[in-house]
Every structure is written in C-alpha cells, then in structure tokens.
Amino acid sequence: MSATRRCLCCVKYLMFVFNLVFWLGGCGLFGVGVWLSFKQTEFSSLPLSFPSLSAANLLLVAGGITMVTGFLGCLGALKEQRCLLFMFFVILLLLVLTEVTLVLIIHIYQDKLDSKAQDGLKEGMKNYNSESGLKKSWDNVQKMFKCCGVTNKTDWYDVLNGTLPSSCCSRDTGLCADGWSEPCYQKARQWLLDNIPSVLVFGVCIGVVQILALVFSMLMYCQIQCAEKHLD
C-alpha cells in the first residue's frame, strides 16, 4: 500500500468517526426537541413565539439537519466519493454559517426579538374566550409557572374587561381578584434557561465537531484526488 493510500485510509476512518459523533449529536438534539415538544403539549395552542415552544421547534430542525448531514458525511467517507464529500462540505459550511449568523442575530437583537415575541403573545390573548385550545393552554401555563399575563397581569384587563382569568390565582374558582404578579414570558424564559445549559454545552461540542468535520472532509477530498492522479 502506497503512502498516499495509507494517508487516505487514515483520514477516511477519522472522518467517519467524527461524522458518526456528529450524527449521534444530531440524534441527541432531535431527541431533546421531541422531549421538549411532548413536555409542552399543554401549551401547544400558544403562538410559537412562546420561549419553550420556539426552542423545541428550533432543536427539532437543527437535530434533523445535523442527522442528515452526518449520514451524508459517513457515506461519503466510506464510499470515498468526491461528489458526496463536496456536497457534505457545502451543506456543513452553510449550516455552520447559519448557526453563527443566528447566534449573532439573537445576541444583537435580543431585546427586539423579546419585544416582538411578547407582542405576538399579547395579540394571541385576544382569542382567549373564542378558542378553547388557546384558553386551555394559557390556563396551563399560568398554573404551571404561577404567573399571570405576558409582561404583567394587567395584560388581561383589555381582554377580559378589567378582570383576570381564574388560572391567575392559586385557587381556580370563579373570578380572580388579585393574581400572581410575575409575568409568564419571563418565567417561561427563565425556566428554559435553567433547563438548557447542558444542551448549550452539547451544542458547543457539536460546533467543534462540525469544524473538524469540515477540515477532514476537505483533506479527504484532496487525498482522493491525489490517489486518483497516481492511478492515472
């Protein structure tokens, strides 16, 4: 076996291992998204701007794309196909750039995004009396988090003619005179931040694996090209 071929085999198996880890990471992200979706089924009628619901959908999409990309990388490494490797490199590069862009946008426009999400939830509150699913979701959120309204309990005053829903009080009986003072958006957001640190660490690890997979895919592409030239 020539030195070029030995080098290609080494890079091939290294890339396969990295992509296997990458694929497993995608399965993990997808699994967390599914878990979060099932855990938040009681809130399913709320707008997707609700923090935990939007996080669940984001994890499902990210996990699904990561799984498909990882599988493509594994297949390209085993088959030693330059076309598959190039496709994998392009998709992964776009994925990394998208992730970096999203992180920057969320960091820079965090306040504006929060404000827009809260406005969307307040708009949805107007259908509290007309949509039974939405009513049940809001009642479940307020009971679970012991909160009232999106940003303040007064959010309900315009919707319910100066009154509060019974779910704003500890005792779910009749009208609620003085509900919980804490806002639901911040409570849900804090709950999400308290429960997701391990996912963020996991995400950073996946990011490192993505960078390494990019390097190895390009290296393997060049090695296959060199090996084909030697055969010619």
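Each residue, glycine too, has its Cβ placed from N, Cα and C.
Sequence annotations record features per position, and here TrEMBL assigns disulfide bond to Cys148-Cys169. Residues or ranges marked as transmembrane segment by TrEMBL: 12-38, 58-78, 85-109, 199-222.
Comparing the disulfide-bonded residues Cys148, Cys169 on other C-beta atoms within 10 angstroms of each C-beta gives the minimum for Cys169. If you count C-beta pairs under 8 angstroms between the transmembrane segment (58-78) and each of 12-38, 85-109, 199-222, the highest count goes to 12-38. When Cβ-Cβ distances below 8 Å are used as the criterion, the transmembrane segment (199-222) is approached by residues 8, 11-12, 14-15, 18-19, 21-22, 25-26, 28-29, 32, 59, 66, 73, 76-77, 80, 82, 85-86, 88-89, 92-93, 95-96, 99 of the same chain, each at least six residues removed from its ends. Within its own chain, the transmembrane segment (85-109) is flanked in space by residues 62, 65-66, 69, 72-73, 76-77, 207, 210-211, 213-214, 217-218, 220-221, 224, which lie at least six positions past its ends and keep a Cβ under 8 Å from the stretch.
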